[in-house]
Amino acid sequence: MRVPYKWLQQYVDVTLPPAELADKLTMAGLAVEGVEDLTPGFQKVVAGKIKTITPHPDADHLVICNVDAGRELQLVTGAPNVHEGQMVAVALEGARLPGGREIHRATFRGVVSEGMLCSAQELGLDVSLVSPEDREGIITLPPDASPGADAAEVLGLKDVVLVLELTPNRADCLSILGVAREVAAITGAPIHLPATLPGEDGPEITGLATVEITAPDLCARYVARLVQGVRIGPSPAWLQAFLRAAGMRPINNVVDITNFIMLEMGQPLHAFDYDLLEGHRIIVRRAGPGEKITTLDGVERELDPEMLVIADAARPVAVAGVMGGLATEVTPATTNILIESAHFDGASIRRTSRRLGLRSEASTRFERGVNLEGAPAAADRAARLMAELAGGRVAPGRIDCYVKRRQPVTIELRPERVNYLLGTELAPTTMKELLERLHLEVRGEGPFQVTVPAYRGDLTGEIDLVEEIARLYGYNRIPVTLPGNLTAREKQAPAQRWEEAGREAAAAAGLAEVITYSFIGPRALDQLRLPEDHPWRRTVKIQNPLREEQSIMRPSLLPGLLEVAGRNASRRVLPVAIYELGRVFIPAGSRRPGEPLRLAGLVMGTTPRGWNWPAGEMDFYYLKGILESIFSRLRVRDVSWEASNAYPFLHPGRAATIKAGTRVLGYLGELHPDVLAAVELPARACAFELDWEAAGDLALRVPRYEPLPRFPAVERDLAVVVPATTPAAAVAGVIREAGGELLRAIALFDVYEGAPVPEGCKSLAYSLVYQLPDRTLTDAEVNAAQERIQRALEERLGASLRQ
């Protein structure tokens, strides 16, 4: 938002230097990105009026202009756009132009030129802010400029502009008046609101035009004013100067007035040629299927029923809140103007603007939020200025279709809560005075009842008022204190604590957190080699996707991890060891989609080598170890790993289902080579994904204390021969079950294949620890347990003791 300093001073008595005011605004939460001095790089350039033009006697491409520049001057020019009565910029003898060029009296084919007529480029001006006609020739100054006046003053260049970087919630400051309110609140200076009510003459507008709203969900209010008998022409110098300083190009007096009021009050306006409106009707409706409109930029655009249009009795005449139509454009022949001042739904305007590829100052304001109560005043002010600057007559009354009224917003504010949150000791009277500076109505002595004006749509709760008090009081004046609430973690819900514990455990295991988009494209599922009937193919589709690659909600965290891994690998950032804890989306018919919480991770590359350990590949067992450390840290019990070929995106033979009893928690495995090729990963990679809420159900949230053993343990080794396809975990399960309460611990310490073990078999050796907490075990009890284990292994797994 560009705020010309002189324009700002029209509404608030501010005398601070611009740089100092910029600092105060920034400290109050309105960040000033820059202070731009418009002082021009030229001297001795004045306004002049061309009195006569005569051909050059000896050059067909030159003319001789007799110019009143405070004194009579003869100037020779080759500009194609000069005409008698035109106000121009005249560089006098001795003038200096940008780049150091100095102007002297010169003779052109025997005719003396006592100066030079200047173009926008020669004056160092932004050519986008001058008319297309003036870009190829000399610049035309406003017709009310005085001959001999400083051209820099006429062009509004002796000014300073504050460039504000506004946060999305401060839509009220997308106007000079909004910034003026802030300046008044910060400095205590009085604010002066502009006059709005026009003089009226002639028949009532209600007998000359009608307005109908058929889409009240997209248009809450529509105000119309009628101005008759206008004369289209250039705007006065002051208006053109303000518009240029604010970054807008002057066009004509009527259009300039609508732009001026949009910048002044924050309310976008549109001016229709009243005589070109069929039936003199305004209908605010959705577009019809395939309906088309040619907008002011000359482009024919196809509309759809999701878009809001302004129509007359026959056709759409504007895309609501985005751009007007060419059919009812204000032209030099226009004499009667219908002014539109409306409130359109911001989300609808945003969608329409994006689909049509059209963004404008108006659409930006509607997207951020426009003051619902400000439409009548803006229409009145526009009518008043058109009467003053375009010679029009304002029809009495206005049409105001207000179909969706704003409900007053009143917020309760507790002074003690303010001081608690800020760490201050402000008196309630001080808080009240600070809020009243912002034109908030404050009732009561505490708690206060604070009524919010319509233009402050960002104030919705008590915490917003606390912020307003803090920024006006001064962040730099708030004392440094410890937070008043040091037990926030204890007040977290169990689900929140479990989620945070997952992040801490994954980070402690050496994984870096990533956060990826919740929406992906169908191609991401194709890359995972998923068959058409795979559950992940049933996705939640986005109705209005930004693009095809973001058209469905993710059924898994794996696509996002693959994208991050690919981006890192393409930049040679290896190894990759990442995780994400987030929600996936599962369709549930007509009900709201399910959003289960998942923990997923991916590793790729080799571990860094150290002085006492070699580099190693991040393979299946490396990632399994990470998961085991996470489970151990969070006391997730009874986890088992079962070889599986059920996952088409994992390498057959290097994949496992993670289970707890019969409950499936997730998967772990090396990615299939075809998947690696599809996502262009240069090395083997392994991934896992867990149902994190299910894992939480198994976790021992409160550690269980067990007394240290007082009686000695008995250790025995057991080596058995089993078929080579028998999982070691299955053997351990049988041993644990048969050992009963005597068996305290079991650990696999040797795996062997080869002679003398029979072919097709393997030897597994386990260390068994027997112990009871209340007495010493006898050899007979331990021997009996060993025999039970051997019989169970033989009966259930066909195992035999290794000789």
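Note that the numbers count up from 1, one per residue, in the order the chain is shown.
The backbone N, Cα and C atoms fix where each Cβ goes, and this holds for glycine too.
Now, the feature entries from Swiss-Prot:
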type    : residues               : note
DOMAIN  : 39-152                 : domain 'tRNA-binding'
DOMAIN  : 406-480                : domain 'B5'
BINDING : D458, D464, E467, E468 : Mg(2+) binding site
DOMAIN  : 709-802                : domain 'FDX-ACB'
Distant-in-sequence Cβ neighbours of D458 (Mg(2+) binding site), under 8 Å, six or more positions away: N169, R170, A171, D172, D464
Tally of DSSP helical, extended and coil residues in the domain 'tRNA-binding' (39-152): 9 helix, 51 strand, 54 coil
Among D464, E467, E468, which are binding-site residues, the residue with the most C-beta atoms within 10 angstroms of its C-beta: E468
Overall pLDDT of the domain 'FDX-ACB' (709-802), taken as the mean: 93
Additional residues surrounding Mg(2+), by Cβ distance to the D458, D464, E467, E468 centre under 8 Å: R456, L459, I463, L465, V466
DSSP-assigned states of the domain 'B5' (406-480) in counts, ordered helix, strand, coil: 33 helix, 13 strand, 29 coil
DSSP residue counts for the domain 'FDX-ACB' (709-802), split into helix, strand and coil: 34 helix, 32 strand, 28 coil
